2 protein chains.
Amino acid sequence: MKEIKVQTSTHPYKIMIGEKLRFNLSEVLSKKYASVLIITDSHVSKLYLKDVQNSLANEKVFTAVIPAGEQSKSIEQFYELHTKAIENGLNRNSLIIALGGGVVGDLAGFVAATYMRGIDYIQVPTTILAHDSSVGGKVAINHALGKNMIGNFYPPRAVIYDVETVHTLSKAEIRSGYAELVKEALISDVAFFEDIMAASLDEMNNERLISHLQQGIEVKARIVEEDEKESGVRKFLNFGHTLGHAIEAELGYGKMTHGEAIAIGMLFALGLSQKYYGVNLPLEELTSWMKANAYPSSLPQLNPNDLLAKMASDKKVLNDRIPMVLLKEIGKPETVEFTKEELLEELSSFLGKMVKA
Amino acid sequence: MKEIKVQTSTHPYKIMIGEKLRFNLSEVLSKKYASVLIITDSHVSKLYLKDVQNSLANEKVFTAVIPAGEQSKSIEQFYELHTKAIENGLNRNSLIIALGGGVVGDLAGFVAATYMRGIDYIQVPTTILAHDSSVGGKVAINHALGKNMIGNFYPPRAVIYDVETVHTLSKAEIRSGYAELVKEALISDVAFFEDIMAASLDEMNNERLISHLQQGIEVKARIVEEDEKESGVRKFLNFGHTLGHAIEAELGYGKMTHGEAIAIGMLFALGLSQKYYGVNLPLEELTSWMKANAYPSSLPQLNPNDLLAKMASDKKVLNDRIPMVLLKEIGKPETVEFTKEELLEELSSFLGKMVKA
């Protein structure tokens, strides 16, 4: 088992990465809780809820199962979980466990952050993608007018990552999660990047997966430690996301996985970086790796102006300029602001190639 | 003008108490904001919204007016205000101003705490009661199953208290606010308590009001500084509230003002304290002062067991025992836990006297 410590403005917490951890949850509880509410989704509940429940045999455990999928990050589901918590008599000494992917983690974390003004919660991610969202304390629900618009910065008390649970993921979900690992590699360390480029997602073993997750989480953890509330370096984690989020929104959520859209966004950001700094970056290497691992290599016709409008409405935008995270070299990210006009040509040309491809 | 500083876990802020402050809001903004959303209610908007808007002539100002009254602390109104914030293009560099009483402060503060995971907000209380709720960073909305169940600890950037605005309050609202000042006096300082007992609420001038508010807020500020998240001494602010909240809930919200219910709760807590510690406390003096100032001196028939059930379901209750804040003497509060059975006789006798009175 690998262990990573994170310091936050309110408390330190541990991230544990290993095999079979879901069978030993009670061992990692740092104190005796009055009661525990496990929040999971309709998909994960069938696979791992019993294991987690059994591992908490000495606790007073309640469960809440939400429908799987992004649409559960709604104000209605949020309120519904509060109802459940109140009806089950949860108090300030109770614990919430978020068992699932990013949707469960974001939603259950936000319920914990707001129930009686905040109770403890633990993230138990079951997807590769959630290695990213489960660390750092960003919790939220969606508003009809924007993703993750309603939320808090509220760090968990622990992240328990049982890598066995990711073996039930679809290939698209594995690609999605690995895109965030690639991002963490690109903004931090060439050796980590090469290590991923040498791997085939179809032939992943636990040892290698644990190593990649550990390195990725380490990158994320050090960044959020330095900048918990996203006023500085945390924005580097947005590499590939400015365009990626816009593509997700334009296609309609669910048409492409988050990470697959981010992967396309990274190709654009790498190309832009090469041009902006006049440097060489492993754009071709990443393109080949994505192809070899069956990432989508084309997009339907999208209007660049619509995408740019979406890019300019991101939460991180503070004026009319679009902040793009670029790379001077691998491990040297930098935020550069562009006007929509400045990005239009580059984006149009990029989209043109993606349609043809 | 009086100024009180409060240190929080994230930032320090100032509380300013004085006359005509609503005309000079722009002077207290500590930085240039991208935009400002003033949230107020249908009652206060008619009286003071124009003044506040005019004082922010150089800012990009939007306004949102919610229906006056406790029912606005709902999940629907919360979501509606987020819609308004998004539609007006508020970003992380925007500011929310809560102009009004406790309902506006709690709701607008929680919107600020959760909009894009938290933006700055300023409290501009317009009631005496709100001297209490505007300081300390407790923000929340109600759940159908309990008051203030969904919220955050999220301190404001400033509290601007223009005492002129409280002159438009009804007498019941003045009594309600003064009950919290009496509470702050009882848990802190006999001189402050005697100062209030010497005052008639019908003949209050700004100077005396400012002095009382300053002393009350000072008590509150020092306590929340020591215990922001309510794990220790902050519970002393609950003096009179355990029974008071239960009376409010049993009568149905709005039947009696918050402070008037708390005042009755304080009489019970003082009587219980005398018995528990075998001491003499100014129970008669407070009873006379309440009578002289037209506080409700009787209650309809209430079932003590129903009240006790309510008292045992408070957010602060962590086990089956009811934590009562008692006084060993004025300025010496202490939390003592009782079972329902232990409180039944004392409460029945107290209620009996209140019905006869």
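Our numbering is plain: 1 for the first residue shown, then up by one each step along the chain.
Each residue, glycine too, has its Cβ placed from N, Cα and C.
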Check TrEMBL: it lists B:His241, B:His258 as binding Zn(2+). Then name which of B:Glu180, B:Glu184, B:Glu329, B:Glu334 it lists for that same site. B:Glu180
If TrEMBL says B:Gly102, B:Val103, B:Val104, B:Gly105, B:Asp106, B:Thr126, B:Thr127, B:Lys138, B:Thr165, B:Val166, B:His167, B:Thr168 bind NAD(+), which of B:Lys147, B:Lys183 does it name for the same site? B:Lys147
I'd like the number of other C-beta atoms within 10 A of the C-beta of B:His241 (Zn(2+) binding site), please. 24
CB neighbours within 10 A of B:Val166 (NAD(+) binding site), counting all protein chains shown, number 23
Setting B:Glu180, B:His241, B:His258 aside, what same-chain residues sit with their Cβ within 8 Å of the center of the Cβ atoms that define the Zn(2+) site, listed in sequence order? B:Leu129, B:Asp132, B:Ser176, B:Ala179, B:Lys183, B:Gly240, B:Gly244, B:Gly259, B:Ala261, B:Ile262
Roughly how many Å separate the Cα of B:Asp106 (NAD(+) binding site) from that of B:His258 (Zn(2+) binding site), to the nearest whole number? 15
State the mean pLDDT for the domain '3-dehydroquinate synthase N-terminal' (B:64-175). 96
List of residues, in chain order, with Cβ under 8 A from that of B:Thr168 (NAD(+) binding site) and at least 6 apart: B:Leu47, B:Thr126
Select one residue from B:Lys147, B:His258: among these binding-site residues, choose the one with the most other Cβ atoms within 10 Å of its Cβ. B:His258
